[in-house]
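Novice: Taken from TrEMBL, the feature signal peptide covers 1-22. The domain 'Copper amine oxidase N2-terminal' feature in TrEMBL is assigned to 27-115. If you look up TrEMBL, you'll see 124-220 marked as domain 'Copper amine oxidase N3-terminal'. What TrEMBL lists as domain 'Copper amine oxidase catalytic' is 245-606. For ASP323, the entry in TrEMBL reads active site, proton acceptor. The 2',4',5'-topaquinone feature in TrEMBL is assigned to TYR411.
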Amino acid sequence: MDATTKVTLFSILMLFWSHAECNHLLHPLDPLTPSELNLVRTIVQNFYPTSQNLTFHYVGLDEPNKPEILKWLSSNNSKIKPKPRPPRRAFAVVRFQKQSHEITVDLSTHSIVSTKDCEGNGNPMLTFGEQAVASQLPFSYEPFKESLKKRGLNTSQVVCACFTIGWFGEGKTKRNVKVKCYYANDTANLYARPLEGVAAVVDLDDMKIVGYNDRYVVPVPKAEGTEYRASKLKPPFGPKHKGIAVTQDGGPGFTKDGHSVSWANWNFHVGFDIRAGPIISLASIYDLQKQRHRRVLYKGFIPELFVPYQDPTEEWYYTTYFDSGEYGFGQSMSSLQPLNDCPPNAAFIDAYYAGSDGTPVKIANAFCIFEKYAGDIMWRHTEISIPNEVITEARSDVSLVVRIVSTVGNYDYVIDWEFKPNGCIKIGVGLTGILGLKAGTYTNTDQIKEDIYGTLIADNTIGIYHDHFFTYYLDLDIDGEANSFVKSNLETVRVKDDTTPRKSYWTVVSETAKTEADAKINLGSKPSELLVVNPNKKTKQGNKIGYRLLPGPVAHPLLLNDDYPQIRAAFTNYNVWVTPYNKSEKWVGGSYVDRSRGDDTIAIWSLRSVIY
């Protein structure tokens with residue numbers, strides 16, 4: 001990887017407005033509209049002899065190649081006649097007769113461009129439709145009825161859900177999931193009342209139960225204290241707060257044109273994908289001195305979120321979720337509530353995805369965009385050295401936030417993309433919702449004589465240890481595509497010159513990655529700075545133009561490298577990976593994650609030995 005190679009940066013962190021649907025009005029990166037989703041559905045259904053067993057698992061924009069987008073963008077921003085928009089296409093993954101198929105549709109000609117039968121390991125993400133059907137199968141299954149009767153439970157108060165089961169060395173796998181259940185009697189907090197020891201195995205292709213376990217009986221945790229709905233709560237309540245007004249008398253400080261947003265010195269595009277959720281593209285910042293916008297980020301999104309639980313017992317060992325590739329981070333996005341999820345000055349955007357039958361599904365208020373000011377300081381200085389004068393200058397830290405919430409099962413993930421006038425892009429992750437809980441026999445820690453793989457948090461209730469690994473795809477275009485990745489290490493130097501009393505100092509030693517192996521970074525081993533620079537663009541003083549990656553607290557996976565979940569999630573082995581740009585390499589956990597085997601991840605891509 002030499003100094004002119006374009007790189008795509010992956011960083012591991014622990015941690016819209018409605019518009020006309022005429023193609024000539026759409027930005028090339030706009031998400032598919034409801035009419036386009038319907039068109040894809042019609043074209044694909046007509047392609048198959050019968051659509052009775054056809055299900056849609058992914059429908060999204062088949063983005064034009066990056067050079068096409070950049071040429072169109074360049075001509076659109078110049079005085080010459082703008083180039084026509086690149087062809088508008090959709091990419092679909094469907095399941096038909098127990099086989100996955102990839103289909104590319106040209107939306108302007110209403111035709112299929114290409115089809116491909118998917119080979120290899122792994123399956124497309126689960127649809128809400130098939131999960132809903134599978135979760136109802138136990139209620140007509142006699143052994144399950146007996147399990148409920150044995151426990152004295154009211155069937156009408158039982159709720160079931162689907163859980164992916166991963167891969168643990170099997171030679172041949174099917175699209176199986178486990179269905180586990182909860183007792184929701186007297187509470188909406190069903191996750192606090194698991195029906196432990198009981199699980200059905202469902203074949204999603206045949207949609208039938210192919211296995212069943214009822215291994216033991218433990219008490220269902222009690223419902224007392226588990227209610228979270230404010231309308232149902234009784235005193236004593238939490239502390240009262242005096243209201244804090246957030247107003248903008250002149251209206252919002254940002255403008256939008258379709259999905260393109262302008263604010264302060266930033267321009268960027270907000271997109272949506274059923275699997276990834278929010279996509280931020282074409283972010284550029286205006287340079288007052290140069291009187292033009294300068295490119296920063298071509299595209300950023302969350303390609304995967306790995307959540308491994310740490311209970312190796314029969315009922316839990318497979319609980320190692322991939323919330324994007326298995327469940328769909330985008331289709332799991334929730335409708336945001338004004339004044340609670342977002343402040344009063346927020347504007348909201350709807351999103352649409354294709355349901356399992358291909359019809360558009362609307363997520364109302366899927367995005368909110370708002371200007372944020374929390375009383376923080378962006379920059380300030382007080383100067384008192386000048387005789388008879390005190391100078392104080394301060395700049396308030398106002399930023400623009402794009403926010404979504406994705407609710408995957410029991411967890412609600414709050415994702416913020418925050419743009420600051422000083423040129424920073426801050427990525428925020430908030431984790432809320434409800435713990436994934438296990439029922440047990442213990443009511444006090446004094447009773448515990450073995451590893452329970454978690455913490456006893458209430459009577460008969462264990463919170464299982466687990467991780468959340470967020471992965472970000474960041475295709476940085478710092479002043480153009482010719483970018484390089486630089487690691488600047490802070491190294492101690494012993495002073496050998498006896499003319500100074502100092503014995504040591506530290507200096508910066510920079511390393512430019514030449515291969516993908518050079519760019520695998522585990523943070524925290526020694527002090528360093530990570531930069532993406534454009535070696536062809538320099539400041540007046542000769543320094544390379546670049547951006548720094550400023551990670552927050554970092555953590556590393558604690559599973560063994562040969563453990564099956566870690567093989568599938570090998571993208572968490574390093575905090576930072578850098579690869580040459582490749583449009584097809586955007587899902588770090590592989591194109592097909594459900595029951596995958598780790599043979600199509602960034603850990604495999606980066607084994608290429610060629611020097612760039």
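Using N, Cα and C of the backbone, Cβ positions are placed for all residues, glycine too.
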Novice: Tell me the Cα distance separating ASP323 (active site, proton acceptor) from TYR411 (2',4',5'-topaquinone), rounded to the nearest angstrom.
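Specialist: Given the Cα positions, TYR411 (2',4',5'-topaquinone) is 10 Å from ASP323 (active site, proton acceptor).
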Novice: Along the domain 'Copper amine oxidase catalytic' (245-606), what average pLDDT does this model show?
Specialist: 95
Novice: DSSP on the domain 'Copper amine oxidase N3-terminal' (124-220): how many residues come out helix, how many strand, how many coil?
Specialist: 29 helix, 29 strand, 39 coil
Novice: If you count, for each of the recorded positions ASP323, TYR411, the other Cβ atoms lying within 10 Å of its Cβ, which residue has the minimum?
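Specialist: Comparing Cβ neighbour counts within 10 Å for the recorded positions ASP323, TYR411 gives TYR411.
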Novice: Looking only at the domain 'Copper amine oxidase N2-terminal' (27-115), how are its residues distributed among DSSP helix, strand and coil?
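Specialist: Counting residues per DSSP class in the domain 'Copper amine oxidase N2-terminal' (27-115), I get 25 helix, 28 strand, 36 coil.
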